[in-house]
């Protein structure tokens, strides 16, 4: 059957490319004009629900689960070691955990204002684009997918692998190669779920959130009971100042803030949230208050059962705690922690791919990444793009170096986003803001972020310096590709050809309706 018997011209191909891509075979007979008119009427009568686009399916409970499920990942089970190592004492570490929770709440409230003021998905990228212009947004987008996102996902995946493998080798150390292989399997599972269905990814996130909250409660209860029964030895001389180093405190905050990292992921999926003006403030406040209380109580439980030296010697703090405090339930803790890490990995991937999707839609990334699957309605190219980057980072990364490596650029751009919010308030006072954070909170959060970013260059010059250099190195890419295109035509043709082949292979197309 000849599809283009009536009109084989290029203009006709362009006009009906979407129908061809959806595998709708149009056979033109001598009455082809009537068939063409019928197809046109069907397209015009197509409702918004039937059109290919990312739909609003995330309500208040999934939003709360999305935030808690992404925040409560590997951090609370690994970061206590990093916080204690750099804070120098038990008392200071608990203060750092509390301040990190308050600071994260301040940041989340700032992002609640941004999320209700700008209705696009994309999080940091969108807010930098709307407030400070395309260059900071371009830098944020490219650094996110060059090293921030792969480093963050690798950190969580390695924690997942460690908690799955380590119980089989205790008291010996688990083989590093095996840990990395299991980590890659965890990433593969999350990628498959996100490629398959948005609903499946959302239900997975809700289920894993309940599991990880059960894990936290399982740690908190025996620790608090031991504390009530008078086990306070480890809290004596809690503020020993001999090992306190002011220059290392930013690294302690980095580890703590990393454990709270995830409060901004809901902003990545704004276009898929039902009634965001109501959902954003409620979900953010409830989630962050809950997480902060749980985190402080978990650390109190750790210090009640374990000494500071024992905590520093453990690579899997929760497992060591369970072997002493839970006894018969100890084997369940690694499984629960691994599920917690998997939830954080799922939420992070779900949100980050939307930033890539929006960046491609704005022209800052190849257009193939702004396409979604014609039946499953998932951003398939964006998800698949991240997979090899994360695998490479898992193969080379050491877990604490990854924290410092990724944190510099992440917190620099978060500070710039909230600074842009303040500038936008001043420049456009009449812009609709359904939720408005108090000015003192926004200013405090922005200044603290810039202070931590600046001091970290002194505390860990190698990792943060490399991160800074990679961020600056993207500037020439912006001017060569966006402002003035120096890409040869042969490269463009080559890239466009293979983008078209990928589009056909993956069965993806751009959204048919505007969702913001």
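Backbone N, Cα and C atoms are what each Cβ position is placed from, and that goes for glycine too.
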Transmembrane segment per TrEMBL sits at which of 126-145, 146-165? 146-165
Between the candidate ranges 29-48, 249-268, where does TrEMBL place the transmembrane segment annotation? 249-268
In TrEMBL, of the candidate ranges 464-482, 483-501, the one given as transmembrane segment runs 464-482
Assess whether the transmembrane segment (402-423) lies in contact with the transmembrane segment (210-229), where contact requires at least three Cβ pairs under 8 Å among residues 6 or more apart in sequence. no
Recorded stretch that, among 58-78, 177-198, 249-268, 325-357, 435-458, has the most CB pairs under 8 Å to the transmembrane segment (378-396): 177-198
Long-range Cβ contacts under 8 Å made by the transmembrane segment (177-198), restricted to residues 6 or more beyond its ends, are 54-55, 57, 153-154, 157-158, 160-162, 164-166, 204, 272, 338, 341-342, 345-346, 349-350, 353, 373, 376-378, 380, 383-384, 386-387, 390-391, 394-395
Highest-contact recorded stretch vs the transmembrane segment (464-482), from 90-112, 146-165, 249-268, 280-305, 325-357, CB pairs under 8 Å: 146-165
Long-range neighbours of the transmembrane segment (210-229), counting only residues six or more past its ends (CB under 8 A): 65, 68-69, 72-73, 76, 294, 297-298, 300-302, 304-305, 318, 321-322, 325-326, 329, 332-333, 336-337, 339-340, 343
Folded-back contacts onto the transmembrane segment (249-268), same chain, C-beta under 8 angstroms, at least six residues removed: 63, 66-67, 70-71, 73, 75-76, 79, 82-83, 85-87, 92-93, 96-97, 99-101, 103-105, 107-108, 111, 114-115, 121-124, 126-127, 152, 155, 280, 283-284, 287-288, 291-292, 295, 344, 347-348, 350-352, 354-355, 400, 403-404, 407, 410-411, 414, 452, 455-456, 459-460
